[in-house]
Amino acid sequence: MAARKEGECCEDLRRERAKCSFNKEELTYLMDGGKDKTLHRRKIEDIFLADPEFLDPIRPEYMSHEERYNNELRKACHMIRKFNENEDMQQLVGEMEGIRSLMGSGLGVALTKDGNPLALHFVMFLPAILGQGTVEQQGYWMSRAWTGEIIGTYAQTELGHGTFLRGLETTATYDSNTQEFIIHSPTITATKWWPGGLGKTVNYAVVMAQLYTQGKCHGVHPFIVQIRDEETHQSMPGVTVGEIGPRLGMNTNDNGFLRFNQYRIPHTNMLMKHSQVLKDGTYVKPANDKLSYGTMVFVRVAICFDAYRQLQRAVTIATRYSAVRHQSELVPGEPEPQILEYQTQQYKLLPQIATVYGIMFAANDVWNTYNEVTGNISEGNLAYLPELHALSCGLKALSSTDATNGVDVCRLACGGHGYLATSNLPRIYTTTTAAITYEGENTVMWLQVARYLIKSYHDAQKGHRLQQSVSYLTTQSASAHATADLSNTALVAAYKQAVSVMVSNAAAHLQDHISKGAVFEKAWNSCSVYLVKCAQAHARYYTCEKFVDGVNRAELSEGTRTVLLRLCRLYLIYHITINQGDFLRSGALTGGDISSLEKEMADILAALRPDAVSLVDSFDIHDRVLDSSLGSWDGNVYQRLYNEALKSPMNQTDVPQGYYKYLRPLMKANL
Ligand SMILES: CCCCCCCCCCCCCC(=O)SCCNC(=O)CCNC(=O)[C@H](O)C(C)(C)COP(=O)(O)OP(=O)(O)OC[C@H]1O[C@@H](n2cnc3c(N)ncnc32)[C@H](O)[C@@H]1OP(=O)(O)O
Ligand SMILES: Cc1cc2nc3c(=O)[nH]c(=O)nc-3n(C[C@H](O)[C@H](O)[C@H](O)COP(=O)(O)OP(=O)(O)OC[C@H]3O[C@@H](n4cnc5c(N)ncnc54)[C@H](O)[C@@H]3O)c2cc1C
């Protein structure tokens, strides 16, 4: 793949690449999950990117709102047709990685740039049917949905409620006479609001609604609801549906609104894997009433992968640019250095590269846990569901926050050019930051993690055995760190001690409020800023531990292991230094330890500096996926910036219409 691997590049990047101290392919294989998967991914990319149908006639930024939507829809539908073309292609892209890449921040962002109108179909509609439907329901709906015969979304959020699911107002009332559910939006705030693809694309939706049967409400349940006619695509009688208007980003996802007026659907359309309504209206409870939230758990895990892939793109752009950009004087009179020579620039970028690996190792671990726990659930064992919920909330929040902040650091690291649309950093940012809000707003996610930590802490106090990810809460000790051991193992232990002390402090604060007469919920609210900090520290500890384990387990040659260990070490130290108060206050580390770590961090930045460009090269991101005038493989930054500017429709004429209409009358007013 010439554009990515062998093409010509500028002298700066050639020199950078010549310095590489490790085997880039090994890291690429590690990230993809093995050599076979790398080859498989490259093959998919080659096929899709060679197809001229996926090219844009002009930059989407120059199109109208509707033109942009139509353009992305054209490509999204072509993608599905291509996918259905033959069995080889289905095998090629049919696996989880393939779908993730096509719909998310892998190949997908090269094909559909500002949100794929079909994304929710693959990311939530199909998983909801698989996770919430009976075997018969899966058989019927999946066969229609997989080929795109019907297209769906996941309609949960309402104008009035997104976070607080128990507050949803849409009702599904069972009528045993006709064996139908009546779906209804009783108030304006019950209007479904936000679902991706809902505006104009989908004809079906999994609608989350309060189930009423035999006069009783049984809480939120999933229903498959037809929104539009399968022939004409007109909205069904009793359904009002539309698009919600321009957004910060992801503007071609046609996020929509939806209202129901006593709209009837067949009894068979309630997804009944976990709970059922019998034909006579009898309600059969699920083993756990949070099982209907299962689709969100799946997507939260998927978001972690998406988050680090967005950060990978941003840091690839910023690092290559930093090797090409020369600015200021490091030593008076000497030539302007590459901006990557500045330690402050290294401090911006190298921790982002480390973060990519940190999130990747943690996300792989949570994905394995997800598969294990869902396997257990299907055999009736729900014991690990709370741990999975806490891990998926914590990692979703940590990965989306870190990736968003990291992308913005990368944008700022590119100076003024990073602010240009053609750098692609603004779009990467607006896409990445959406994940902080969707699929559970991050503060709310942190508080779910905190709830699990406090419960686990109390369980530990009662002598109960804790689940693995929080087992360190049983071994809490506030004694000062005594030895000078600052090995990775010792730093992970320091993280555990710091979080452990924080959680115990939080429990004490809560108790204090309760002792003074506050009810638990009010006490919780009074401590919630600190509780969020506990949850963040826990998720960081977890990521650090998975990073260390991941590097130790990876089969790598000496040079590659050395560079990955440096990144791991940088990750551990970086987060300790920026949260040093937690380590000092808990006695997990001393001031002297922090000073040693700060010095070591400076050395690590210098040691990693020569490998910086090769490290981002090993992410193996095709130029079309980067889509950036600053980050291309060849480093031909200035020519690309200039060429892109020339393509502006405003540059197709010398004097704009606006001059004659507005400017000239003003400028000549006094003549
Ligand atoms: C392929 C990838 C590519 C990506 C591309 C992107 C494309 C775009 C994609 C865009 C896609 C965007 C698409 C979208 O945005 S779809 C919409 C997403 N919406 C949300 O995520 C809503 C967030 N809110 C909630 O999840 C709930 O309301 C929360 C959790 C906040 C509270 O809930 P609730 O008020 O009901 O509960 P409670 O607080 O009384 O707590 C009660 C107990 O329940 C336990 N509990 C709670 N939840 C779970 C759970 N899940 N499994 C197991 N247990 C759970 C909890 O631990 C507690 O346990 P205990 O402590 O009592 O023992
Ligand atoms: C790009 C995008 C795509 C989306 N796609 C979909 C989709 O496909 N389907 C779908 O159903 N939904 C979708 N959503 C909706 C999304 O899931 C919700 O916006 C999200 O869950 C947050 O809910 P909210 O908007 O009600 O925020 P709110 O809950 O109103 O949050 C507002 C503020 O209140 C705070 N807050 C709320 N509750 C608490 C609490 N208990 N404790 C402390 N602070 C609290 C939050 O932290 C936040 O700061 C999408 C949203 C976006 C932005």
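Cβ coordinates are placed from backbone N, Cα and C, and glycine is handled just like the others.
Features of the protein shown, as given by TrEMBL:
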- Glu439: active site, proton acceptor (ACT_SITE)
- Thr157, Gly196: FAD binding site (BINDING)
- 23-151: domain 'Acyl-coenzyme A oxidase N-terminal' (DOMAIN)
- 293-454: domain 'Acyl-CoA oxidase C-alpha1' (DOMAIN)
- 490-668: domain 'Acyl-CoA oxidase C-terminal' (DOMAIN)
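Feature map: TrEMBL annotations on the structure.
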residue : record                       : Cβ contacts under 8 Å, 6 or more apart
Thr157  : FAD binding site             : Lys192, Trp193, Trp194, Pro195
Gly196  : FAD binding site             : Gly115, Pro117, Ala119, Leu120, Thr153, Met250, Asn253, Asp254, Asn255
Glu439  : active site, proton acceptor : Met296, Val299, Arg300, Ile303, Lys396
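Across the range of the domain 'Acyl-coenzyme A oxidase N-terminal' (23-151), the DSSP-based residue counts are 96 helix, 0 strand, 33 coil. Averaged over the domain 'Acyl-CoA oxidase C-alpha1' (293-454), the predicted model has a pLDDT of 97.
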